[in-house]
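Enquirer: OK, Swiss-Prot features for this one:
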type	residues	note
DISULFID	Cys30-Cys51	disulfide bond
DISULFID	Cys36-Cys56	disulfide bond
DISULFID	Cys40-Cys58	disulfide bond
SIGNAL	1-22	signal peptide
SITE	Lys50	site 'Basic residue of the functional dyad'
SITE	Tyr59	site 'Aromatic residue of the functional dyad'
Amino acid sequence: MKIFSILLVALIICSISICTEAFGLIDVKCFASSECWIACKKVTGSVQGKCQNNQCRCY
């Protein structure tokens, strides 16, 4: 049972790291979140994005 718990925790940690690296900052300069929507649609297939530190972040 201990091994199962350890494997489960390891799987969760790996899944979190993979998911957080899947999307993120893209090389598009912006001043408003609406400028990121089209760029994020092209990269991720979703318009969910925002302008963060003058760079688009897609979700």
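The backbone N, Cα and C atoms fix where each Cβ goes, and this holds for glycine too.
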Enquirer: Taking just the CA atoms, what is the gap between Cys36 (disulfide bond) and Cys51 (disulfide bond) in Å?
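Expert: Spelling it out, the Cα of Cys36 (disulfide bond) and the Cα of Cys51 (disulfide bond) are 7 Å apart.
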Enquirer: Give me the count of other Cβ atoms within 10 A of the Cβ belonging to Cys30 (disulfide bond).
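Expert: There are 20 such Cβ atoms around Cys30 (disulfide bond).
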Enquirer: May I ask for the distance between Cys40 (disulfide bond) and Lys50 (site 'Basic residue of the functional dyad'), taken between their Cα atoms and rounded to an integer number of Å?
Expert: 9
Enquirer: Cβ-Cβ under 8 Å from Cys56 (disulfide bond), same chain, 6 or more residues apart: which ones?
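Expert: Listed in sequence order: Leu25, Ile26, Val28, Lys29, Cys30, Glu35, Cys36, Ala39, Cys40, Gly49, Lys50.
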Enquirer: Using all protein chains in view, find how many other C-beta atoms are within 10 Å of the C-beta of Cys51 (disulfide bond).
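Expert: By my count, 17.
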Enquirer: What Cα-Cα separation, expressed in whole Å, is found between Tyr59 (site 'Aromatic residue of the functional dyad') and Cys51 (disulfide bond)?
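Expert: If we compare the Cα positions of Tyr59 (site 'Aromatic residue of the functional dyad') and Cys51 (disulfide bond), the gap is 12 Å.
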